[in-house]
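These notes are about the structure you will find just below.
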Amino acid sequence: ILGNGTLLFLIREDHNLHEPMYYFLAMLAATDLGVTLTTMPTVLRVLWSNHREIGHAACFAQAYFIHTLSIMESGVLLAMAYDRFIAICKPLRYTSILTDTRVMKIAVGVLTRAGLSIMPIIIRLHWFPYCRSHVLSHAFCLHQDVIKLACADITFNRLYPVAVVFTMGLLDFFVIFFSYVLILRTVMGIASRVERVKALNTCVSHICCILVFYITVVGLTFIHRFRKHIPHMVHITMSYVYFLFPPFMNPVIYSIKTKQIQVSMLRLLSLPSSRA
């Protein structure tokens, strides 16, 4: 919460960070903050007060926001890859292509795509009768956990998420990968070694965030696919890693690897001493 909140504050207050690259970073930080704020209330209630109950409506709402924000994160990483592609491959047209209006449209598109894609399976959760033991595997509500408790035909709710993952998650990944192939080809064509290194350095933070996100996605998918052969505790632990590790790591990565963020943070820390 502190890391992502600090990033959002810096980008809002520092006019030097009012550029498309940092607007997309703010979107990533807001998404990560949303994941943390959505999952942590029920986790803390279990840990601190041993309160292990949640109403149906609250559970379904939590599942909706968790899965929506996960798809949003993939979309934001795709938007950030597009930003780096334009900055490196079409630098002279960067400001004319990535205007504030276009950045806003991209943000609305990412949010709309994520929100609408998850809605069908969450709406159906309200229709199902639940006659099995109402015990979830995690301290927060996940769609795949809830449907196990339903006493109805859940074929649609099993197949639809797979289709969403393949059509959105994999598509996003391959577009990001293709963008970096074009970026690498452009960078290799730069005569100056110093300029090549400088261009690649602007992508390092984004690449690290992509790896953190997709490695945890692949790990969770692998464990879910072979859950019968993997201890239940490993499955639960990997779910917590998937939802909590990227929100923790992303602000750390950008704070370490992005000079402008470091400068802005130092400027913020120096304000109290200068006022004194």
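In case you wondered, yes, glycine gets a Cβ from its N, Cα and C as well.
Fair warning: this is a prediction, and the values are worked out from it, not measured in the lab.
Features as listed in TrEMBL:
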DOMAIN    3-254  domain 'G-protein coupled receptors family 1 profile'
TRANSMEM  21-44  transmembrane segment
TRANSMEM  64-82  transmembrane segment
TRANSMEM  103-123  transmembrane segment
TRANSMEM  159-183  transmembrane segment
TRANSMEM  204-224  transmembrane segment
TRANSMEM  236-256  transmembrane segment
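The transmembrane segment (103-123) is not in contact with the transmembrane segment (204-224), judged by fewer than 3 CB-CB distances under 8 Å for residue pairs 6 or more apart in sequence. Stretch with the largest number of CB pairs closer than 8 A to the transmembrane segment (159-183), among 21-44, 64-82, 204-224, 236-256: 64-82. Within the chain carrying the transmembrane segment (64-82), a Cβ under 8 angstroms from the stretch's Cβ atoms is held by residues 21, 24-25, 27-28, 31-32, 34-35, 38-39, 106-107, 109-111, 113-115, 117-119, 122, 140-143, 164, 168-169, 172-173, 175-176, 179-180, 206, 209-210, 213, 243, 246, all 6 or more beyond its ends. Averaged over the domain 'G-protein coupled receptors family 1 profile' (3-254), the predicted model reaches a pLDDT of 88.
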